[in-house]
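Colleague: From Swiss-Prot, for reference:
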- ARG191, ALA192, GLY193, ARG194, THR311, ASN335, SER523, ARG584: CoA binding site (BINDING)
- GLY387, GLU388, PRO389, ASP411, THR412, TRP413, TRP414, GLN415, THR416, ASP500, ARG515, ARG526: ATP binding site (BINDING)
- VAL537, HIS539, ILE542: Mg(2+) binding site (BINDING)
- LYS609: N6-acetyllysine (MOD_RES)
Amino acid sequence: MSQIHKHPIPAAIAEHALITPEKYQHYYQQSVQNPDEFWGEQGKIIDWIKPYKTVKNTSFDPGHVSIRWFEDGTLNLAANCLDRHLAERGDQTAIIWEGDDPNQSKTVTYKQLHHDVCQFANVLKSLGIKKGDVVAIYMPMVPEAAVAMLACARIGAVHSVIFGGFSPDAVAGRIIDSHSKLVITADEGIRAGRAIPLKKNVDEALKNPAITSIKNVVVFQRTGNASYWEDGRDVWWHDLIKEASADCPPEEMNAEDPLFILYTSGSTGKPKGVVHTTGGYLVYAALTFKYVFDYHPGDIYWCTADVGWVTGHSYLLYGPLACGAITLMFEGVPNYPGVNRLSQVVDKHKVNILYTAPTAIRALMAEGDKAIEGTKRDSLRIMGSVGEPINPEAWEWYYNKIGNSKCPIVDTWWQTETGGFMITPLPGATELKAGSATRPFFGVQPALVDNLGNPQEGVAEGNLVITDSWPGQARTLFGDHDRFEQTYFSTFKGMYFSGDGARRDEDGYYWITGRVDDVLNVSGHRLGTAEIESALVAHPKIAEAAVVGVPHNIKGQAIYAYITLNHGEEPTPELYTEVRNWVRKEIGPLATPDILHWTDSLPKTRSGKIMRRILRKIATGDTSNLGDTSTLADPSVVEKLLEEKQSMQTPS
């Protein structure tokens, strides 16, 4: 790989940092040696109605997996995110909303958000929603999505947020699995200038005869273009709140009462309903938000994630609002209407902390300096990356160009199932290496094990497991605890298996190498796809790459690389040879791709993750059953890749 050097902690950050290197060592030691004492103290970051006496009661034992934190305490999440801030910062902005159209933006104060949430909580009650009922939320990125989520939490209803890009079939599947009682949606969403037919998709989903639990659909008016309307079932948001009181006391919830269900794709294709509960989740979201982003009062924080993903739950809304932060919600995409939109939004709202995904960073990087044209970005202090491992070249570009070479990057590794950050730098405590998630957060005990579960000490590579529980951990899969145990605790007994591989370097830093099913075995050597992809993307003409293994009768697996070139570049036989030699030089002969497949589009989920399962099937010619493609942002990509594969000529 290209030489990785350490980025020291900038003096300007070190001076005011909440966590110093010494504090990190002290807290981390305490958190793993005496978790009850550590979390007993840290649990006070939020307000409890009835304080807890029991801190940790957890077991990873096969057949007895049980995760309980602060179990005798009671609280309300909405009261922690809203009510407790009113006296001190009621008039402070809670949410800055930036529309898809650059001319549309507004701010919502804590006082206003509290008013709107109480009002909508009463609407939910008037529609018969009770504590424990599940409410499906299928909304665009507007403040009302946050209002709906917080209103559910206020009355003890469980929300199941469905990303606004999912198809009617995917929506129906999630409504059926969770037994949702109500759907909250909008007439349409707007993204990159295009209308998203949310209400129409809900209408289509509700035609499924297996859905019997939905009595009403609440529709927020975003564009005014609602097509079909079913009287008696469909009700306008604005009509309902006219009648509603803004007085709604928060429901007292047990720490272990479910807060939300969030569906994540399973390897079998059937989505898994990950269940998070109230107390431990909020403690963990608030604490990780505060320390990982080194949040100081008044900082303007922008997480680009959609509310439909766990990042939108933990780090757009709940973590920031629990800490009384100012959080920016963005309806659009980072490159619309121009490729410098992300940079423009940073300047317009004087954003101090920016948290986005490698897929966005790589898309901007392909545009070069146009991505920062006419902008300064000098308000930025901290930047972050989430969603997948970020290759060192994209990390350095993000650091140098977007962050003006002065902002630490927190490259956070975590999952829907972990609730919050697991392995991550802390801005004032961690020297950075481009592409490394660095060290575990407090209370997180990672280990690397071989395929038999034997721990690998020191500098090593292996399966990434967590050996003990943390408060933000998911408790179960909705209605299927057996599948929860099977998926996460059966591969390596007594440990949580992340499904990811990682290596640990001489400094104890962790490098995520990708999903374990994305590890190639070439002539008996393990190669992480992330490493080969990083080498490919380091080539000056390559914008994006995805690597999969295909069977090879001598080497076991051959390396098949899908490659998207930068704008203006064309594939040639010469470039084919050049790229193969480039990887050979960067990593070694073993990692040389056997086949290059030029394409201008890769199959991505709506959260920007590349769907490698489909790429593997196309590469091996196994296209009879491509499985569930409903989560793809653009399903037509698959057909295009198949056509390209059929017409491919491999230079000799």
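Quick reminder: no glycine exception, Cβ is built from N, Cα and C everywhere.
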Colleague: Among the binding-site residues ARG194, ARG515, HIS539, whose Cβ has the fewest other Cβ atoms within 10 Å?
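Modeller: So among ARG194, ARG515, HIS539, the binding-site residues given, the one with the fewest Cβ atoms within 10 Å is ARG194.
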Colleague: Cβ distance under 8 Å to ARG584 (CoA binding site), same chain, sequence separation 6 or more: which residues?
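Modeller: Set apart from ARG584 (CoA binding site) by at least 6 residues yet with Cβ under 8 Å, we have ALA591, THR592.
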Colleague: Which of these recorded positions is closest to THR412 (ATP binding site) if you go by CA atoms: ALA192, GLY193, ASN335, ILE542, LYS609?
Modeller: LYS609
Colleague: For HIS539 (Mg(2+) binding site) and GLY387 (ATP binding site), determine the Cα separation and express it in whole Å.
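Modeller: Pair distance, Cα basis, whole Å: 23 Å.
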Colleague: Can you give me the same-chain residues 6 or more apart in sequence from ALA192 (CoA binding site) with a CB-CB distance under 8 Å?
Modeller: ASP100, GLY332, VAL333, TYR336
Colleague: Relative to the Cβ of GLY387 (ATP binding site), which residues of the same chain, six or more apart in sequence, are found under 8 Å away?
Modeller: THR311, ALA357, PRO358, THR359, SER607, GLY608, LYS609
Colleague: How many Å separate the Cα atoms of PRO389 (ATP binding site) and ARG194 (CoA binding site)?
Modeller: 30
Colleague: Rounded to the nearest Å, what's the C-alpha distance separating ARG194 (CoA binding site) and TRP414 (ATP binding site)? Just drop the number here, would you?
Modeller: 31
Colleague: If I take the Cα of ARG191 (CoA binding site) as reference, which of the binding-site residues TRP414, THR416, ARG515, VAL537, ILE542 has the closest Cα?
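Modeller: Closest candidate to ARG191 (CoA binding site), judged by Cα separation, is THR416.
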Colleague: Tell me, by DSSP, whether TRP414 (ATP binding site) is helix, strand or coil?
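Modeller: Looking at the DSSP assignment, TRP414 (ATP binding site) belongs to neither helix nor strand, so coil.
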Colleague: Over all pairs within ARG191, ALA192, GLY193, ARG194, THR311, ASN335, SER523, ARG584, the annotated CoA binders, what is the largest Cα to Cα distance, rounded to whole Å?
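Modeller: The widest Cα-Cα gap among those binding residues is 49 Å.
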Colleague: Using a 10 Å radius around each Cβ and counting other Cβ atoms from all shown chains, which of the binding-site residues THR311, THR416 yields the largest count?
Modeller: THR311
